[in-house]
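Q: A single structure is presented below for examination.
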Amino acid sequence: MLTLVLNCGSSSVKFALLDLSANLTLLSGLAERLGSTGAVATLSRGENRRSVPVPDGSYAGAFEVVRAELGALGVREQVRAVGHRVVHGGERFSAPALIDAKVMAAIRACVPLAPLHNPANIAGIEAAQEAFGQLPHVAVFDTAFHQTMPDVAFRYAVPESWYAQHGVRRYGFHGTSHAYVAAEAARMLGMPLDALNLVTAHLGNGCSVAAVQGGRSIDTSMGLTPLEGLIMGTRSGDVDPGLHEFMARQAGLSLTQVTAALNKESGLSGLSGGLGSDMRELEAAAGRGHTGARLAVAAFVYRLAKGVAGMAVALGHLDALVFTGGIGENSATIRAATLERLGVLGFRLDQQANAQAVRGQPGLISAAGSVPALVVNTNEELSIARQTRQVLAAQTGDQA
């Protein structure tokens, strides 16, 4: 069974074609700058990579490129389903869902909760249904994994009517990644997932930690939106809610302007004085003595360690810490500094193992006798493909 996985953003589409029976990715790619005349798709088959223009710079044009590539591979008729990443499923979805009119209506109803993401997801689904209309389409939600959080973790201390009438609560994100790496960590540790208490740290341009108890999320750092929690590439993470009114009064900024700044001009970029959000560049600049870069890296580690410790409190007992995402998988510096701060929880670093766990090399990075810390490569496309297959198997009884 070949499964096409799509992740539609406001100006991009990330795609992958997976053969689950052979555990292979046959095709992957990224269509960028959609909505402009310079839209281009980068296609990768193994080590071969090439770029092609996207007709009219639209989702439909991007999917025409994908269809053509499937034809060139001779596998168009073997594709059995399309799996879509959808950022926000609200309280409605605690599992992936076969997309029909009711599911689409429910995704639309979540737009106020994710105005930066769900509209693009919806537009991408609609264009994909036009391009691949004969295939079943499945929505896999970033928020679904965290629907097992107890109310003490997901409720905000705000008027009850805000929750009852408007759904104001903590939802969490990166759920597909947290669930995948938790299962992989259990496999690598040689222990059953349902017997483990894990903290998973997804560290990329967006960052979050989660407390995973027996394979179920019981807390996470992101909240109503992906803005809450850790310091991220351009997102602030936790700030005083009074900041909006303060900046409106002091600088004449609107709510929209403050929110945009917190999402796009803050985090590592803001702390470094606008140097950038790429951790590799910030680490290098910090090594050269750049004051802003040093502050950004140190604050990132400090807030990450506090986040991990908070998740450990939720678990009561911590069996292992998992690093994943672009930073988590590749920055030995960030991992080492974080574990040094977490010595109070029993972590000790194996410096050689940590140095080797880069560029796609997963493994244990903690010293003997330490609480285990390990690097696990996330694979959200594979997870979405597997969940898509599970939905179809439940619908048809087909285990292929």
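Cβ from N, Cα, C; glycine included.
Pulled these from Swiss-Prot:
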- Asp142: active site, proton donor/acceptor (ACT_SITE)
- Asn7, Glu380: Mg(2+) binding site (BINDING)
- Lys14, His202, Leu203, Gly204, Asn205, Gly206, Asp278, Met279, Arg280, Gly326, Ile327, Gly328, Glu329, Asn330: ATP binding site (BINDING)
- Arg85: substrate binding site (BINDING)
- His174: site 'Transition state stabilizer' (SITE)
- Arg235: site 'Transition state stabilizer' (SITE)
Q: Among the recorded positions listed here, Lys14, Arg85, His174, Arg235, Arg280, whose Cβ has the fewest other Cβ atoms inside 10 Å?
A: Arg280
Q: Which residue, of the binding-site residues Asn7, Asn205, has its CB surrounded by the fewest other CB atoms within 10 A?
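A: Result for the binding-site residues Asn7, Asn205: minimum number of other Cβ atoms within 10 Å at Asn205.
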Q: Give me the CA-CA distance between Lys14 (ATP binding site) and Asn7 (Mg(2+) binding site), in Å, as a whole number.
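A: Rounded to a whole number, the Cα-Cα distance is 5 Å.
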Q: Which is it, of Asp142, Asp278, Glu329, Glu380: the one of these recorded positions whose Cβ has the most other Cβ atoms within 10 Å?
A: Asp142
Q: Expressed to the nearest Å, what is the distance separating Asp278 (ATP binding site) and Arg235 (site 'Transition state stabilizer') at their Cα atoms?
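A: Pair distance, Cα basis, whole Å: 13 Å.
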Q: Relative to the Cβ of Ile327 (ATP binding site), which residues of the same chain, six or more apart in sequence, are found under 8 Å away?
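A: Expected: Leu203, Gly204, Cys207, Met279, Ile334.
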Q: Going by DSSP, give the three-state secondary structure for Asp142 (active site, proton donor/acceptor).
A: coil
